[in-house]
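Engineer: Supplied in structure tokens, the structure appears directly below.
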Amino acid sequence: MVSCATGCNPLIYKGYGCYCGFLGSGYAVDGIDSCCKMHDWCYDTANCPMFLEYFVPYYWKCYRNRPLCALDQRGGPGSCAQRLCECDRILSQCLSQFPCPSKRAYCRASHWRLFQNLLYNKVINLKHFDNPWKSKDGGFHEDHSGGT
């Protein structure tokens with residue numbers, strides 16, 4: 001969803017700031033990190049079984065650079081899948097307000113997050129990214145990504 005709304009490589013957000021990625025904590029370092037903090041809160045309030053939010057598939061569509069959640073989700077309207085899809089859609093829209101980051105923002109509030117920031121910076125090559133949404137037919141996609 002993130003690449004649909006932003007055109008950015010979604011991996012640039014993994015380990016960005018204090019909240020993008022796993023185990024967010026501290027203070028958001030900028031607007032992008034605030035989007036991720038809001039996404040963490042959204043997942044926390046989605047009332048899905050513990051850790052299931054990372055494995056529940058849902059259907060969505062990329063339409064004119066806007067992700068749309070399918071109304072017919074597994075479990076029906078109001079299901080865990082529908083709520084998680086909405087959380088990810090809102091995150092994608094929030095991130096679309098900002099240009100693609102050319103470097104990661106670092107979280108200095110936590111030694112663990114700073115280590116994560118540095119590790120992700122070394123592992124992921126951000127220079128090459130082919131946006132998969134440029135030539136899609138507009139069909140619904142199943143997603144297991146769990147947001148950022």
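Residue numbers in this text run from 1 along the chain shown.
The backbone N, Cα and C atoms fix where each Cβ goes, glycine too.
On a predicted model such as this, the values are computed, not experimentally measured, just so you know.
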Engineer: Of the candidates Asp40, Asp44, which one does TrEMBL list alongside Tyr19, Gly21 as binding Ca(2+)?
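Structural biologist: Answer, per TrEMBL (Ca(2+) site with Tyr19, Gly21), from Asp40, Asp44: Asp40.
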Engineer: Which of Cys48, Cys85, Cys87 is the other half of the disulfide bond that TrEMBL records for Cys69?
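Structural biologist: TrEMBL lists the disulfide between Cys69 and Cys85.
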Engineer: For Cys20, which disulfide partner does TrEMBL record out of Cys36, Cys42, Cys48, Cys62?
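Structural biologist: Recorded partner, per TrEMBL: Cys36.
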Engineer: Cys87, Cys94, Cys100, Cys107: which one closes the disulfide with Cys42 in TrEMBL?
Structural biologist: Cys87
Engineer: Which ones are near Cys42 (disulfide bond): of the recorded positions Tyr19, Gly21, Asp88, which have a Cα within 10 Å?
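Structural biologist: Asp88, listed in sequence order.
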Engineer: What recorded positions among Tyr19, Gly21, Cys35, Asp88, Cys94 are found with a C-alpha within 10 angstroms of that of Cys69 (disulfide bond)?
Structural biologist: Asp88
Engineer: Would you identify which of the disulfide-bonded residues Cys36, Cys42 has the most other C-beta atoms lying within 10 angstroms of its C-beta?
Structural biologist: Cys36
Engineer: I'd like to know which of these disulfide-bonded residues, Cys69, Cys85, Cys87, is least surrounded, judged by other CB atoms within 10 A.
Structural biologist: Cys69
